[in-house]
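Encoded as structure tokens, the structure appears first; notes follow it.
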Amino acid sequence: MTIQQVLLLLLLWMWLPHSCHTEMLFRRTPDLRPKSFGGRASGNDGKAIHRQKRGWMWNQFFLLEEYTGSDYQYVGKLHSDQDKGDGSLKYILSGDGAGTLFIIDEKTGDIHATRRIDREEKAFYTLRAQAINRRTLRPVEPESEFVIKIHDINDNEPTFPEEIYTASVPEMSVVGTSVVQVTATDADDPSYGNSARIIYSILQGQPYFSVEPETGIIRTALPNMNRENREQYQVVIQAKDMGGQMGGLSGTTTVNITLTDVNDNPPRFPQSTVHLRIPESSPVGTAIGSVKATDADTGKNAEVEYRIIDGDGTDMFDIVTQKDTQEGIITVRKPLDYETRRLYTLKVEAENTHVDPRFYYLGPFKDTTIVKISVEDVDEPPVFSRSSYLFEVHEDIELGTIIGTVMARDPDSASSPIRFSLDRHTDLDRIFNIHSGNGSIYTSKPLDREISQWHNLSVIAAEINNPKDTTRVPVYVRILDVNDNAPQFAVFYDTFVCENARAGQLIQTISAVDKDDPLGGQKFFFSLAAVNPNFTVQDNEDNTARILTRRNGFSRHEISTYLLPVVISDNDYPIQSSTGTLTIRVCACDSRGNMQSCSAEALLLPAGLSTGALVAILLCIIILLVIVVLFAALKRQRKKEPLILSKEDIRDNIVSYNDEGGGEEDTQAFDIGTLRNPAAIEDKKLRRDIIPETLFVPRRTPSAPDNTDVRDFINQRLKEHDTDPSAPPYDSLATYAYEGNDSIAESLSSLESGTTEGDQNYDYLREWGPRFNKLAEMYGGGESDKDTS
């Protein structure tokens with residue numbers, strides 16, 4: 001028989017239930033402590049085995065858990081040495097489970113378990129036993145405490161805290177790299193046998209992963225596992241107790257393992273050559289297209305940086321990396337021209353930005369491709385020879401003189417003819433014009449530098465075949481000065497001379513201005529138009545001059561004012577000169593030369609009113625007089641306001657007669673009874689209290705007969721108005737207060753009937769229908785009552 005078979009038989013024997021018989025002997029001693037205890041157990045052969053037990057070993061019983069028998073499970077037996085077997089003693093059990101889980105035969109002291117016990121619920125029970133006299137109920141032995149221990153059996157399988165685990169490990173990891181550790185627990189007693197000894201094994205996931213039997217650590221089992229080939233793995237781990245031997249219980253769990261990415265793949269362009277097209281009119285910064293290198297990695301390991309490393313268009317194009325799409329966007333760097341170059345070739349490189357040094361041997365981690373860019377021809381607008389033009393011209397040139405020419409060409413290969421024009425918004429006065437064929441700009445109006453020194457024009461060039469495609473260029477025209485303005489006095493001078501002035505005395509300093517602007521600066525010369533015996537001019541040669549007296553003493557009674565013509569000339573070519581007249585008043589001065597008073601004539605001259613002012617004052621007076629006359633005329637006029645303000649207004653109108661009459665005392669006013677009773681109409685009499693306003697006598701109309709109906713009355717009146725020459729020439733509203741003739745039924749008023757003294761018969765009311773029955777009963781009934789009374 002092998003060792004394994006022996007161990008198996010021993011294990012089976014341990015699982016089998018065995019009865020345990022124990023006797024505990026109690027003996028009275030003066031110190032109430034048991035001196036010796038006897039335990040008796042029955043073996044398999046049925047013979048009693050006697051042994052002497054130590055005093056501290058008697059108080060433990062052992063019981064196997066999970067008893068499956070139909071009878072109560074026997075635990076042990078208590079016996080006191082005072083028990084004579086005559087039934088005079090009674091055994092009492094108390095403590096954990098006493099009376100429910102554990103019961104004792106009070107006569108024999110046998111202890112039994114009433115149901116199955118699970119050690120995982122409770123591993124031991126503490127109870128107390130005592131023997132008492134059945135008649136006196138007095139204890140014959142002191143109470144003793146003992147423990148029932150539950151022996152474990154392997155009835156619980158290992159369990160994992162998680163049903164599914166999630167773990168990850170970098171791809172390309174070396175063999176033995178730790179992935180994750182899983183741990184199972186067993187509720188059985190780890191100190192008793194191998195029930196709680198767990199061994200781990202892998203059921204699914206080989207040959208990629210392995211697990212350590214004792215620790216449950218999962219490790220990689222294959223080298224160079226590539227995420228790009230397979231990313232997810234499912235591993236099933238088994239935990240088995242009894243040291244993993246046959247018959248042990250087991251539990252499993254699932255571990256989902258993901259291979260995380262490392263940068264072990266370089267970027268690759270799917271095409272070795274990429275073709276792109278772009279119109280030559282595309283502005284700088286326009287995106288032409290994109291290139292993209294694929295990388296099997298993910299995340300930052302797949303990030304790529306693009307650059308142009310070679311080609312004949314490195315200065316014409318740029319490439320920008322788009323981070324979100326990992327594309328290289330090619331853009332225009334400089335303006336393109338189809339006529340200059342039609343094809344560009346670029347060499348673009350894509351390189352990983354995060355390279356793992358461990359995988360340099362898999363490199364290089366970059367790739368290149370060729371990008372060919374074709375420039376497409378478009379109908380471009382004309383191009384001027386300059387970005388702007390500056391022309392200078394003298395202000396005295398003749399009309400039609402060409403001041404300059406602008407030049408433009410069609411950059412397209414067709415070379416279409418160009419048509420020039422001026423933007424009139426920049427030349428509102430139409431001083432210039434341009435020849436549409438050759439771009440020559442010439443004057444159409446005289447130039448004047450003193451009015452405008454600069455003219456900023458805008459010339460438009462357009463192809464004749466495509467006039468919508470235009471180009472503009474600024475043209476700056478500077479007007480050069482010509483000496484065409486004579487100098488004049490700078491200000492108006494109010495000059496006076498004292499009566500007591502002496503010869504050679506300064507009375508005024510004059511200066512001049514000139515609108516022209518010569519290159520050498522302004523230079524003026526002052527002189528008298530003729531020799532003057534009273535005054536003279538002395539040129540200071542600094543564009544100023546002094547006015548001096550030539551004699552002593554002046555009299556304002558003789559001559560109150562002197563006029564002195566002064567000639568001012570410049571030194572430019574051609575020389576321009578003008579004559580300005582100074583008005584010199586003679587005034588009385590004090591000893592210091594301060595003016596005190598001048599003659600009345602001299603004072604009135606500058607203060608006098610001009611002819612224009614006098615005319616304006618006269619016109620104002622005439623206007624005021626006209627307004628006063630018109631106002632007075634309107635007050636005297638008593639013209640009646642016309643009924644219709646406009647001759648073209650032919651709409652219906654309501655004529656309002658604001659005649660309130662003279663009250664009750666006015667017997668000559670309008671009698672409204674004539675409308676109520678046409679028979680009473682008489683000849684219209686003129687009122688005596690007001691002035692008649694009509695210029696003709698209204699036509700007399702015959703009165704309506706007594707039996708005339710209202711409709712006939714109105715038709716008659718309408719016909720009369722249509723044939724009446726005095727009626728207004730437009731539609732009007734005429735109101736006739738005519739109620740018609742009296743009713744044959746006369747009045748139905750109860751008030752009026754009550755005032756009559758004669759008898760009235762109301763029987764005719766019944767003939768009018770059922771609606772008048774009630775009224776007939778009221779009036780008819782009243783008469784009958786009156787008669788009966």
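The backbone N, Cα and C atoms fix where each Cβ goes, glycine too.
Per TrEMBL, domain 'MHD' is recorded for 57-318.
With DSSP states grouped into helix (H, G, I), strand (E, B) and coil, the domain 'Cadherin' (80-160) comes out at 0 helix, 35 strand, 46 coil. Residues annotated as domain 'Cadherin' in TrEMBL: 80-160 (among others).
Per DSSP, the domain 'Cadherin' (161-269) is made up of 3 helix, 46 strand, 60 coil. The domain 'Cadherin' annotation in TrEMBL covers 161-269 (among others).
Residues or ranges marked as domain 'Cadherin' in TrEMBL: 270-384 (among others). Mapped onto DSSP helix, strand and coil, the domain 'Cadherin' (270-384) counts 10 helix, 56 strand, 49 coil.
The annotation domain 'Cadherin' is assigned in TrEMBL to 385-489 (among others). According to DSSP, the secondary structure content of the domain 'Cadherin' (385-489) in residues is 3 helix, 47 strand, 55 coil.
Under the heading domain 'Cadherin', TrEMBL lists 489-603 (among others).
Here TrEMBL flags 1-22 as signal peptide.
Under the heading transmembrane segment, TrEMBL lists 603-634.
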Average pLDDT across the domain 'MHD' (57-318), rounded to a whole number:
88
